Amino acid sequence: MDAYDLITRNAAEVVTEDEVRSLAEDPDGKRAYVGYEPSGVLHIGHMLTANKLIELQEAGFEIVVLLADVHAYLNGKGTFEEIRETADRMREQFVAYGLEESDTEFVLGSEFQLDEEYTLDLHALELETNLSRAERAMAEIQSGDTATVAQAVYPLMQALDIVYLDVDLAIGGMEQRKVHMLARDTLPSIGADAPTCLHTPLIADLSTGVGKMSSSAGVSISMEDSEEELREKVNKAYCPPSRDPEPDADGEDRDNPVLQIFEYHVFPRFGEVVVERPEQYGGDLEYDDYESLASDLDSGELHPADAKGALAEYLNELVAPGREKIRQQRS
Ligand code: NAL
């Protein structure tokens, strides 16, 4: 795979393609970053952007992971002390998941976000941004229904971090795209470049296939799930024998979350998939790529129950090292 294809593999969106092509010409030593609000335990959304970081490490990028303690505080996630403590645990879980420690720089937001120069730059961005734009940028990120002033400052700090961490490529889930668009529009006003961005897809709700999987509502997969819990969650998941399900009774679009997890988690990390089946049901099925697995599900060659069984096992392998780390952290 050439560098551009590896960088953009499974991306929902890149802004802009031309900018990413020019990064792909010489990725060695380029910096890609992602930021996370510290939370106790990684969930499948963190793991999805982490998959992209691991691919970018393979492409030669240096990875910067911002443990966004001040952002979590602004978003009402707890006292500053509580958040600080979870940041350390989260870093260890990312390493257990597979982010090479030697190629990954972990930075705490509060290490630079409380400096005088940063604060004045932040105020300059505040002057340039109207409140409704900041609010819209936070629609898919904010906790709570009504935006606070703190939540309006949040996206401006996220924009400024891109400058202060000196990154070439900003990574985030699709829920971050409006913050990144705000960053592209406002950073030039303080003399900084508009950042190049790559957004990873969101996985559909596990039980319905409608809307987005979320750890705050509905069923999510997390790094502390036991093998048994993973099996139960996956067994109950929505998985019609189709990669492109019909809308539901209310006309809502549906996706197949089981296939999405194969596409965005299993194939990127394992490269191939074996679905074990007894001889009497045709024996094992082997897939070298997502397309062949999806088309077998579509054609009926692969039964959803067999796909789910295999998915639970691969997910278990992905979370096992982090689950062990969490167990140590709690003992
Ligand atoms: C991501 C977050 C916070 C600050 C950032 C700064 C720079 C780049 C990415 C960042 C967290 C993210 C979330 N907004 O929703 O978890």
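Note that Cβ sites are derived from N, Cα and C of the backbone, with glycine treated the same way.
Long-range Cβ contacts of Tyr154 (L-tyrosine binding site) within its own chain (separation 6+, distance under 8 Å): His71, Leu74, Asn75, Met138, Ile141, Gln142. Residues or ranges marked as L-tyrosine binding site by TrEMBL: Tyr33, Tyr154, Gln158, Asp161, Gln176.
The average pLDDT for the motif ''HIGH' region' (38-46) in the predicted structure is 93. Residues or ranges marked as motif ''HIGH' region' in TrEMBL: 38-46.
Sequence-distant contacts of the motif ''KMSKS' region' (212-216), counting only residues of its own chain at least 6 positions beyond either end whose CB sits under 8 Å from a CB of the stretch, comprise 43-45, 143, 175, 202-206, 222, 257. Residues or ranges marked as motif ''KMSKS' region' in TrEMBL: 212-216.
If you take the C-beta of Ser215 (ATP binding site) and look for same-chain residues 6 or more apart in sequence within under 8 angstroms, you find His43, Gly45, Ser222. As annotated by TrEMBL, ATP binding site applies to Ser215.
Within its own chain, the region 'Disordered' (221-255) has Cβ neighbours under 8 Å at 41-44, 47, 93, 97, 203-211, 215, 261, 294-295, 297-298, 300, 303-304, 307-308, 311-312, 315-316, 319, 322-323, 326, counting only residues six or more beyond its boundaries. For 221-255, the entry in TrEMBL reads region 'Disordered'.
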The record names Tyr33, Tyr154, Gln158, Asp161, Gln176 as the residues that bind L-tyrosine; what is their largest Cα to Cα distance in Å?
17
